[in-house]
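**Student:** What follows is a single structure, and I will ask about it in a moment.
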Amino acid sequence: MKVKIALLMICSFLLFNCSSDDNSNKNTKEVSISFKNKQKFVSLGQDVNLVDELVLVNVSPKDIEWSSTNPNIAPVKDGIVTGVKASESIIIAKIKNLDKVAALTVRVGITSLYFLNSHDGLDLDQTKTRDIKPLLKLENVDLKDVTWTSKDTNIATVKDGIVTALRSGEVEIIAQVKNNEELKSELIMQIKSFGLKEINFVQGFPEMKLPIGQHYKYSLTTGESWVPLDNLVWKSSNEKIAKIDQNGVVEGISAGKARITVTAPNGVSAYIDQEIISNVPTYLNIRKPLDKPIELPQGKGYTLQLTTIPEFLSISLFTFTSSDSSLASVDEQGRVVGAEGKRGKVTITVVSKENPAIKDKVDFLLID
């Protein structure tokens, strides 16, 4: 009887232990550690809590051991890394008593944020809003980390770098890096009805002669730098000679002259007499060295530069041919590419489609 009782107790003990092991296996949770990003920028002298950069699964931040491969550059203690010297260091986060680790490259450097101008303006009548983000210069700062503030929201408000004018006056707009009061810049904006008083054309072509089939976008200036040029109306006196779209792009249609007029919403206008000339070239020259071929490495490319009369003719008005396409090919844009593993001399010829008598050629020497 005693033997049976002893055997029963042993079996019960074994069953209990097996059951405990099974339960412990079932209760074992997977742990992991990783960083949200592969890199992190830290300003010189800045302290950053890297615990916020971790993704922990079933791990307490208290169980993380921290180390830096370059403590002279970016030392770390309890997850707080400090930018000491401009360079890079790798921060290691390890779970205690486990071989689970995560690595983060920390780049230490200088950060800056400043407006390109100390003063600027916004016209109250025409636009009422202005994006001033292009006026802000950032170095090692992400634009999404910048906060915007208006010192007087009765005059103008600002959101995500967009200033909205409410009434005339002067207002200070502040751009600041989040959680860093020292890294900020101010812009004083003058809000008023500037009023558009004049429009002027900026001429880009010599005597403003435009070949048939060519396009040109006009540039305009005003007497007041802060007045926007919006909602302009463009018109051509003769669209059979020159067409103009509402973005100020003119197209030459046929030879002759047409007056291009631009008018602002308040009635201020300006005009320019546009001459359209023939697009048939009377002169063609390929820019090239004197008395020697252009050396072209195998597999590399070279784009031909043309000088024409009239000037600024479209490349599409010419054909390009190679004397030996097995050595070098040329496309319709005048791009010459040397063949791989080939050496030799090849000639590229350019001919006017409308006037085949107008042509030029250039020699290329394929080299290693």
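The first residue you see is number 1, and the count goes up from there.
Cβ from N, Cα, C; glycine included.
Per TrEMBL, the feature signal peptide maps to 1-20. If you look up TrEMBL, you'll see 29-105, 118-187, 198-273, 290-362 marked as domain 'BIG2'.
What's the neighbourhood like for these features in this structure?
**Tutor:** The residues of the domain 'BIG2' (29-105), classed with DSSP into helix (H, G, I), strand (E, B) and coil, number 7 helix, 40 strand, 30 coil.
Residue counts for the domain 'BIG2' (118-187) under DSSP (helix as H, G, I; strand as E, B; rest coil) come to 6 helix, 38 strand, 26 coil.
Across the range of the domain 'BIG2' (290-362), the DSSP-based residue counts are 3 helix, 36 strand, 34 coil.
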**Student:** By DSSP assignment, list the helix, strand and coil residue numbers for the domain 'BIG2' (198-273), in that order.
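**Tutor:** So the domain 'BIG2' (198-273) is made up of 3 helix, 38 strand, 35 coil.
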